[in-house]
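Asker: Provided herewith is a single structure, encoded as structure tokens, for subsequent inquiry.
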Amino acid sequence: MKIGIIGAMEQEVALLRDRIDHSTLCQQAGCEIYMGQLHGVEVALVKSGIGKVSAALGTTLLLDHFKPELVINTGSAGGLAPSLKVGDIVVSHEVRYHDVDVTAFGYEPGQMAQCPASFNAAPSLVALAEESVDRLGMHAVRGLVVSGDAFINDADGLAHIRQTFPQAIAVEMEATAIAHVCHQFAVPFVVVRAISDVADQASHLSFDEFLTVAAQSSSRLVEEMVQALAGQR
């Protein structure tokens, strides 16, 4: 089995990178790909950089060169569901863009032309994530994660997302681009992110303070999922 793992920022991948055995580094187009073994499973861990373009590029390199059987997107997110606190987990059952608008041509809000309205995570990976959450005693919410090239910390941006995607549980900047590329390659994916902030006018302050907490939670969950896939759980 080969597993692809992708995160945007140094803090989001550092803990997992340090756990990879026999690691080798490939650097291409601004992305870092660490290949090796995690709990005896072949993995490739990508640090893509921030935003949709960087995420799509990193995912394409991952899928084209490493050819994993599945992709896990890890990292942090801004919480929208009222029950979420810093360090809690969101598990995607679907992802959508919040900053795409071609509704003039009959598409749904967030739907890119000639693409699905949403990208659905593999049910087996969603179940795996939720089972891993339960074993770790974490709190998680499953649902819609929305992505866009904006850090949401203003009232207007938040109101737009809540009005357009009232069912959204979290917002971040890469997941839908990753899912979009996985869809193009027909590779199953799931997004498991930890909450670093609630998407409000103080979110930039809490993000800086709690990114490490979120990274610890999401990395711990990814490790648990890998161990389960390796038959160690």
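Cβ coordinates come from backbone N, Cα and C, glycine included.
Not measured: the values here are computed from a predicted model.
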Asker: In Swiss-Prot, ILE152, MET173, GLU174 are given as binding substrate, so which of GLY40, GLY49, GLY78, GLY79 is in that site too?
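Answerer: Matched candidate out of GLY40, GLY49, GLY78, GLY79, per Swiss-Prot for substrate with ILE152, MET173, GLU174: GLY78.
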Asker: So for MET173 (substrate binding site), how many other CB atoms are inside 10 Å of its CB?
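Answerer: So the number of other Cβ atoms within 10 Å of MET173 (substrate binding site) is 23.
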Asker: For each of GLU12, GLU174, ASP197, count the other CB atoms within 10 A of its CB; which of these recorded positions has the top count?
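Answerer: Compared across GLU12, GLU174, ASP197, the most Cβ atoms within 10 Å surround GLU174.
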